[in-house]
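Okay, so here's the structure we're looking at.
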Amino acid sequence: MSQDNKGNGSKKRDFLGFTGLDAAKIIELFDYSLFIKQQRETNRNSDEFRPIRHKTVAMIFNKPSLRTRVSFELGVYELGGHAISLEGKSIGVGERESIEDIARLLSRYNDAIVARLHEHEIIETLAKHADIPVINALTDLSHPCQVLADAFTLYEKGLWRDDIKVVFVGDGNNVANSWIELAGILPFHFVLACPEGYLPDETLLKQARSNAKGTIEILHDPMEAAKQADVLYTDVWTSMGQEEEMAERLKAFAPFQINAKMVAEAKPSAVIMHCMPAHRGQEISAEVMDGPQSIIIDEAENRLHVQKALMVKLMNHDVYRKFHLTHRLHRAANRLKA
């Protein structure tokens, strides 16, 4: 998650994925996300908590966005900063100007870069040549901010534990890749149920399995995968840029819809998750999407809180570190009282 700045020996922290994080650091981020969420609920109109006051965040969007754009722009505003939205086509990432020059220039103007791109190599190049934090807001390879919010939602609801069984039903896409990457760090049981030919990134899978404290499975029978699941998770069957494959994908994924029959295979207490946008009647039935076990809107909301916590960690680490020092002192004091 961190890398050396060029020449000055100090640390620049990026968030391109879960590499460099351990379980303790992720739980710390979840605890700070809870604090951020509580701050918003109790002090929404207060000017007291503005840890990135007067800082600017350049936001590069090469892909359409609703949740990512709104949650990041609002998050920057609520933390006291200012977001500058840049459409990828207008600045010509890697075409009109080189990625290296864009990274160096934005580093002179801004305090962080948030990028939602197609090629993962572009965000890696941005991070390599920028002197400010770079956050991966989605690439074709991964979507770590989404999965961070997903796992936080389970943590917040008291559902996260070492033996939790999370079943991702659908395409081995960028969201599935990030779940696999997380499963290489946190000890839990992750199952990807996908058709043959729609597997996740082989390199990420191999690396996660070599590090995994829990279990990572790839199955091709969705009903078998769903048995005794604590979480049933899905995403669209046809992602941006795959529209020409839609007919073929609809046929391949037809048995992989999360519906009442599949939910019946999971634990009675199981929750339903979807990163959205959702296509009711395709990857998930309307009955399940809007049913009592769905926590889909909760996870969408939590994008805001987790990303705010992440930005404070990257842009004002002193505030982030002070919270955790205080948090540890409180816990120690409570243990002594007990």
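Every residue, even glycine, has its Cβ placed from backbone N, Cα and C.
Residues annotated as carbamoyl phosphate binding site in Swiss-Prot: Arg116, His143, Pro144, Cys145, Gln146, Cys275, Arg303. Annotation note: Gln146 (carbamoyl phosphate binding site) sits in a helical segment as assigned by DSSP. Non-local contacts of Gln146 (carbamoyl phosphate binding site) by the CB criterion (under 8 A, 6+ apart in sequence, same chain) comprise Leu138, Val175, Ser178, Cys275, Arg303.
DSSP assigns Ser239 (L-ornithine binding site) to coil in the three-state reduction, outside any helix or strand. As annotated by Swiss-Prot, L-ornithine binding site applies to Asn174, Asp235, Ser239, Met240.
Across the structure, Asp235 (L-ornithine binding site) and His143 (carbamoyl phosphate binding site) place their CA atoms 12 angstrom apart.
For Asn174 (L-ornithine binding site), the nearest of the binding-site residues Arg116, His143, Pro144, Cys145 in terms of C-alpha separation is His143. Taking only the Cα positions, the spacing between Met240 (L-ornithine binding site) and Arg116 (carbamoyl phosphate binding site) is 12 angstrom. Neighbour density for Ser239 (L-ornithine binding site): within 10 A of its CB lie 16 other CB atoms from the protein chains shown. The Cβ neighbour count for Met240 (L-ornithine binding site), using a 10 Å radius over every protein chain in view, is 12. For the recorded carbamoyl phosphate site, residues Arg116, His143, Pro144, Cys145, Gln146, Cys275, Arg303 set the reference point as the centre of their Cβ atoms, and the other residues of that chain within 8 Å of it by Cβ are Thr68, Ala137, Leu138, Val147, Leu148, Ala149, Val175, Ser178.
Each residue contributes its Cα atom, and for Arg116 (carbamoyl phosphate binding site) and Ser239 (L-ornithine binding site) those atoms are 14 Å apart.
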